[in-house]
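What TrEMBL annotates here:
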- 1-25: signal peptide (SIGNAL)
- 63: active site (ACT_SITE)
- 117: active site (ACT_SITE)
- 121: active site (ACT_SITE)
């Protein structure tokens, strides 16, 4: 009886340690790969600041690669002991500055943005990707999805014109094979704008999949694609 009691205590302790340290990082079902349109971001936040490297290109930029659960919830800040280390991604800095810039004020060298994304989201995917692999996966996904070119191929351009939300979704689905999620913002005039686009990725961080659940994007039937 005493031995069984001791064993039960050990199991309980291990389970608690797992829940507090490992389980949250290991347990996720898919990634959201999220890109944002800088022209809409600046309207959404009322103001924006370009990074110290200068104004980003007029292209969708990476917001993040977010581990998610099939029920729409997500883990966050899974391992405070594995802090962001810029030296681990030194070979990716040039590509990250181009494709994953920060538009928050005041202007920065983007490190704060990358740190936030790794600490909140990246640490929850450590069972699959280390820090270098996490950022490299996001860069490869941006190239693979190629949102702006796919929209342009369908005649949808960042020229301040309005397009049906269905045509935007269909253009992306036609190009990548899976339905995307769209999030819209409203500018100072109340226009609904293309803001963020979500696609779903398997737990390896490499293969696009059908989204188990799509975010609610608060988009009107007609959305503006603002210039930048």
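Backbone N, Cα and C atoms are what each Cβ position is placed from, and that goes for glycine too.
All annotation found in TrEMBL is predicted automatically rather than curated by experts.
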Rounded inter-Cα distance in Å - residue 117 (active site), residue 63 (active site): 8
63, 121 as active-site residues, winner by CB count within 10 A: 121
Separation of alpha carbons, residue 63 (active site) and residue 121 (active site) (Å): 11
Cβ neighbour count within 10 Å of residue 117 (active site): 22
